[in-house]
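Annotated features, as they stand in TrEMBL:
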DOMAIN    242-346  domain 'HTH araC/xylS-type'
TRANSMEM  6-28  transmembrane segment
TRANSMEM  35-57  transmembrane segment
TRANSMEM  63-83  transmembrane segment
TRANSMEM  95-116  transmembrane segment
TRANSMEM  128-150  transmembrane segment
TRANSMEM  162-181  transmembrane segment
TRANSMEM  193-214  transmembrane segment
Amino acid sequence: MTRLILLDMAIRMLAIGQLLLIMIVIGLGRAPHAIRVAIALLLTGIASYLAAATPLFRPLDAPLWLIVRFSAQMTPWLLWTFAHLLFERPIDRRAAFCSAAALVGCAISYLIAARWAPGAEFWGTQFWIALIQHGISLVLILQAIMIAFLERGDDLIEKRRRLRFGFVVLVGSIAFIVLVLEMLSGFRYSGLGIALGQSIAILIATTAVAVAFLQSDPELLFDPAEPAPEPKLSPSEHVLKRKLDAAIAGAVHREPGLSIGGLAERLGTPEHRLRSLINQRLGYRNFSAFLNHHRIAEAKALLADPAHVDLPILTIAMDLGYGSLAPFNRAFRQETGEAPSKFRRGAIMDN
């Protein structure tokens with residue numbers, strides 16, 4: 001038994017070392033500051049779980065160890081936040097605050113119950129606190145995985161698309177399985193066999209991520225800068241660009257829910273060639289940026305036109321393919337640096 005405990009501990013230390021190496025590689029890279037902080041916190045949370053779940057340290061209740069356990073419990077929230085930043089999805093601040101507050105509340109409630117509730121009553125209280133905490137965590141993990149599935153087609157760089165998708169889905173899937181196993185065990189220690197299986201699974205996952213980074217550019221996981229377009233087009237790219245320009249002139253970009261796969265099918269070209277043209281030749285970081293550029297250009301023309309001064313901004317947004325006003329406002333601010341209403345006011349008054 002002692003040998004198995006030491007083996008489990010050694011595997012966890014190996015995985016923690018790999019997480020630290022990944023953190024250093026990304027931290028020294030050129031990724032945006034927010035993403036570097038987010039992934040550092042996420043990997044810290046995973047490392048904290050590896051340390052907190054080992055049978056060797058389970059009896060410890062020192063203040064520093066409580067911080068490690070709390071960091072492990074926040075891992076699903078950190079994964080949820082990281083997925084939003086990685087796939088450039090706007091974070092719902094209310095949802096982020098409420099979910100974080102709920103997880104913190106569960107951690108504090110657990111400490112209070114452990115200190116003040118007597119034996120049998122404590123275990124009943126612990127069960128319900130853990131059930132709430134695990135339920136919230138499962139929802140956050142599932143949403144992170146869902147974001148990866150929904151946004152996997154937007155990226156224009158094939159390697160980066162696979163790496164981003166695989167990273168979030170792999171981490172999310174392992175976290176989901178771990179939480180479900182803990183729920184099935186009644187939130188009690190489920191034995192050395194389960195703990196050893198968890199540590200081996202996480203070591204395999206960290207090894208896979210580390211190998212993926214070594215075999216490709218670590219910057220592929222992120223978007224540190226705007227890709228530099230290459231001006232010279234091959235004959236086939238020139239023909240494809242003419243088809244793309246004709247489709248844009250025909251207002252194909254106005255269609256709601258347009259995907260790069262659907263556009264490639266219309267143009268009669270393989271999807272990977274269209275991705276390469278838009279990213280490497282035209283210089284757009286993803287398909288959404290390409291669509292927004294053309295949509296916002298039309299929006300600016302309409303907003304600056306005195307003949308359309310009374311046309312509601314919502315109508316403009318819907319006509320350009322946005323499902324609601326919020327994504328249009330975000331795209332417009334990102335493209336111009338100001339709100340549509342402010343842009344219209346300035347453009348009309350200047351004329």
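Residue numbering: from 1, along the chain as shown.
Each residue, glycine too, has its Cβ placed from N, Cα and C.
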If one takes Cβ-Cβ under 8 Å and requires six or more residues beyond its ends, the residues near the transmembrane segment (128-150) are 73, 75-77, 79-80, 82-84, 87, 89, 99, 102-103, 106-107, 109-110, 113, 164-165, 168-169, 172-173, 175-176, 179-180, 182-183, 187
When counting C-beta pairs under 8 angstroms to the transmembrane segment (35-57), the leading stretch of 63-83, 95-116, 162-181, 193-214 is 63-83
Grab the same-chain neighbours of the transmembrane segment (193-214) for me: Cβ-Cβ under 8 Å, and only residues 6 or more beyond its ends, written as numbers and ranges. 4, 7-8, 11-12, 14-15, 18-19, 21-22, 25, 46, 50, 53-55, 163, 166-167, 170-171, 174, 177-178, 181, 185, 221
Looking only at the domain 'HTH araC/xylS-type' (242-346), mean pLDDT returns 90
Secondary structure content, the domain 'HTH araC/xylS-type' (242-346) (per DSSP, counts of residues): 77 helix, 1 strand, 27 coil
